[in-house]
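*Asks:* Have a look at the structure that comes next, please.
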Amino acid sequence: MERAPRDDRFPRWFTSSYSNNGGDCVKVAANLVASRGVVPVSDSKSVDGPVLIVPAAAFSAFVSAVRTGTFGVV
């Protein structure tokens, strides 16, 4: 079976399973990290809403800070 070529021109959105069925979270598109060095972030409830373009290094630092509890309990 042959795979379709990857298309990194458009974001492939991912919403966390912790997001209450996609209604209480943000969605991210990590597929653009390698080709563009960015992570698009958007509201999971807003299909056509605005997108925040975050540099990959900044997004990685943010995720690391969340994992280590830098921000405390929110």
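Note that Cβ sites are derived from N, Cα and C of the backbone, with glycine treated the same way.
According to TrEMBL, the record shows the following:
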- 12-67: domain 'DUF397' (DOMAIN)
*Asks:* Grab the pLDDT values for the domain 'DUF397' (12-67) and give me their mean, rounded.
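*Replies:* Mean pLDDT, the domain 'DUF397' (12-67): 87.
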*Asks:* Using DSSP, break the domain 'DUF397' (12-67) down into helix, strand and coil residues and give each count.
*Replies:* 19 helix, 16 strand, 21 coil
